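Scroll down for the structure; my scribbles are underneath it.
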Amino acid sequence: MANSERTFIAIKPDGVQRGLMGEIIKRFEQKGFRLVAMKFMRASEDLLKEHYIDLKDRPFFAGLVKYMHSGPVVAMVWEGLNVVKTGRVMLGETNPADSKPGTIRGDFCIQVGRNIIHGSDSVESAEKEIALWFRPEELVNYKSCAQNWIYE
């Protein structure tokens, strides 16, 4: 399939604690994207510092790492046509107040510090994040029987 790509999506501790995992996964499945990998884990501080390295000079960096380490996260890799761009649209804006109803953040969030989900912002970021969170053998290649009903 042309333009098929992968993205990294992580349900943050607030999304896990609020029981939104199933709803979020359901939205990606119903859109037609294919789950390639998933881990339910407590991310180490070192992993989180590397993941958010671009934000290391921001005043909220330490609090972000502490918060993300405070509970389990669901780390996932999704695959599909333009999944990075479409996934970001499905998530909504980083600040939930700017997110439209129908998006994950628009439907389930109020404050930016508790915006329940992370999604790669580019194909390059997705590749980096996937390599950081998953070993190559953890990515499962398979053909979904639904693909013929989703893509021409």
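Each residue's number is its place along the chain shown, starting with 1.
In case you wondered, yes, glycine gets a Cβ from its N, Cα and C as well.
Features reported for this protein in Swiss-Prot:
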ACT_SITE  His118  active site, pros-phosphohistidine intermediate
BINDING   Lys12, Phe60, Arg88, Thr94, Arg105, Asn115  ATP binding site
Long-range Cβ list for Phe60 (ATP binding site), cut-off under 8 Å, min separation 6+ in sequence, same chain only, gives Gly113
Let me know the largest Cα to Cα distance in Å among the ATP-binding residues Lys12, Phe60, Arg88, Thr94, Arg105, Asn115, as an integer.
22
For Asn115 (ATP binding site), which residues of its chain lie six or more apart in sequence with Cβ-Cβ distance below 8 Å?
Lys12, Asp14, Thr94, Asn95, Pro96, Arg105, Cys109
When you tally the Cβ atoms that lie within 10 Å of each candidate's Cβ, which of the binding-site residues (Lys12, Arg88) has the highest tally?
Lys12
Here the recorded positions are Arg105, His118; the one whose Cβ sees the most other Cβ atoms within 10 Å is Arg105
Let's check the environment of Thr94 (ATP binding site): how many other CB atoms sit within 10 Å of its CB?
15
